Amino acid sequence: MQIKLANPRGFCAGVDRAIEIVNRALEVFGPPIYVRHEVVHNKFVVEDLRNRGAIFVEELDQVPDDVIVIFSAHGVSQAVRSEAAGRGLKVFDATCPLVTKVHIEVARYSRDGRECILIGHAGHPEVEGTMGQYDASNGGAIYLVEDEKDVAELQVRNPERLAFVTQTTLSMDDTSRVIDALRTRFPAIGGPRKDDICYATQNRQDAVKQLADECDVVLVVGSPNSSNSNRLRELAERMATPAYLIDGAEDLQRSWFDGVERIGITAGASAPEVLVRGVIQQLQAWGATGADELAGREENITFSMPKELRVRSLL
């Protein structure tokens, strides 16, 4: 058995920044540091930060007064921001800047009196935060659609004053079909100048397609609640390549590799490389050889830290 590695894979710039914000806050201010929602959707990362003194909560009413709170990479609604400000909580915002871009678009549509359609998955924290940027007090509305069926059933108030945005971690192929359905049903609909699906999601989906084309089975390292990791598994499966989503080496089953010659490995944007290395080691212990990276797109994007943490960390 030969191992092939997708390129790129694993951490993106937004995840790197979010984890570093929690780490630096712990270094500068000391524990406990409260984090609203898992800062990124990866069990290993969250457990490591928890062991260092981060406390993860789902709502601000679980946070005591006079503590530091970090908003996760997925972003929060305006209501959550107002609640934190009203309580005087000290907040560091780890929202991915590419998610913030979508938030700004939604807020602009709201101010302009345009209804907004969000393409995304119900219940995902990014979707909840994005929908919470729309102020419906002026009579507008924001709608959530997941697929073409939702588009066909959607009733809007004014199809001439309509715009769409998307969750950043969706399948590019699925989203393209939904956008086509929206443009067919609502010809006047507006949208972002550039696709809202982030560069890291696009790059990892392109890479897993190449991997699935060259391998007999694909392993996606990522947690079950990671949207982008699930999309990678789905993409490989659509190419008729068996694919498994695993948190790490402990989830591997030897029977998956019966009769397999080429094993492909990728990782979601919130999965650290140490987990990939653990998977490689286990496969090599079972007789697999090599760990060759496929040619891929180089990523050199970085996002700046909040000023206070950046300055303090240099003292």
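Each Cβ is built from the backbone N, Cα and C atoms, and glycine gets one as well.
Note that the structure is predicted; figures quoted are calculated from it, not measured.
According to Swiss-Prot, the protein carries these features:
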ACT_SITE  Glu126  active site, proton donor
BINDING   Cys12, Cys96, Cys198  [4Fe-4S] cluster binding site
BINDING   His41, His74, His124, Ser226, Ser227, Asn228, Ser270  isopentenyl diphosphate binding site
BINDING   His41, His74, His124, Ser226, Ser227, Asn228, Ser270  dimethylallyl diphosphate binding site
BINDING   His41, His74, His124, Thr168, Ser226, Ser227, Asn228, Ser270  (2E)-4-hydroxy-3-methylbut-2-enyl diphosphate binding site
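Swiss-Prot feature annotations superimposed on the structure.
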{"residue": "Cys12", "record": "[4Fe-4S] cluster binding site", "DSSP (3 states)": "coil"}
{"residue": "His41", "record": "isopentenyl diphosphate binding site", "DSSP (3 states)": "coil"}
{"residue": "His74", "record": "isopentenyl diphosphate binding site", "DSSP (3 states)": "coil"}
{"residue": "Cys96", "record": "[4Fe-4S] cluster binding site", "DSSP (3 states)": "coil"}
{"residue": "His124", "record": "isopentenyl diphosphate binding site", "DSSP (3 states)": "coil"}
{"residue": "Thr168", "record": "(2E)-4-hydroxy-3-methylbut-2-enyl diphosphate binding site", "DSSP (3 states)": "coil"}
{"residue": "Ser226", "record": "isopentenyl diphosphate binding site", "DSSP (3 states)": "coil"}
Inter-residue Cα distance where the pair is Ser270 (isopentenyl diphosphate binding site) and Cys12 ([4Fe-4S] cluster binding site), in Å: 7
Under 8 Å by Cβ from Asn228 (isopentenyl diphosphate binding site), same chain, sequence gap 6 or more: Thr169, Ala200, Thr201, Arg204, Gly222, Gly268, Ala269, Ser270
Assigned element (helix, strand, coil) containing Ser270 (isopentenyl diphosphate binding site), judged by DSSP: coil
When distances run from the Cα of His124 (isopentenyl diphosphate binding site) to each of the binding-site residues Cys96, Thr168, Cys198, the nearest one: Thr168
Nearest-integer angstrom distance between the alpha carbons (Cα) of His41 (isopentenyl diphosphate binding site) and Glu126 (active site, proton donor): 11
Neighbouring C-beta atoms (10 Å sphere around the C-beta of His41 (isopentenyl diphosphate binding site)): 29
Integer Cα-Cα distance in angstrom, Glu126 (active site, proton donor) to His74 (isopentenyl diphosphate binding site): 5
From binding-site residues Cys96, Thr168, Cys198, the one whose Cα lies nearest His74 (isopentenyl diphosphate binding site): Cys96
Of the binding-site residues listed as Cys96, Thr168, Cys198, the one whose CA lies nearest the CA of Ser226 (isopentenyl diphosphate binding site): Thr168
Distant-in-sequence Cβ neighbours of Cys198 ([4Fe-4S] cluster binding site), under 8 Å, six or more positions away: Cys12, Gly14, Cys96, Leu98, Thr168, Thr169
Under 8 Å by Cβ from Ser227 (isopentenyl diphosphate binding site), same chain, sequence gap 6 or more: His41, His121, His124, Glu126, Gln167, Thr169, Leu170
Those binding-site residues listed as Thr168, Ser226, Ser270, and which of them has the most Cβ atoms within 10 Å of its own Cβ: Ser270
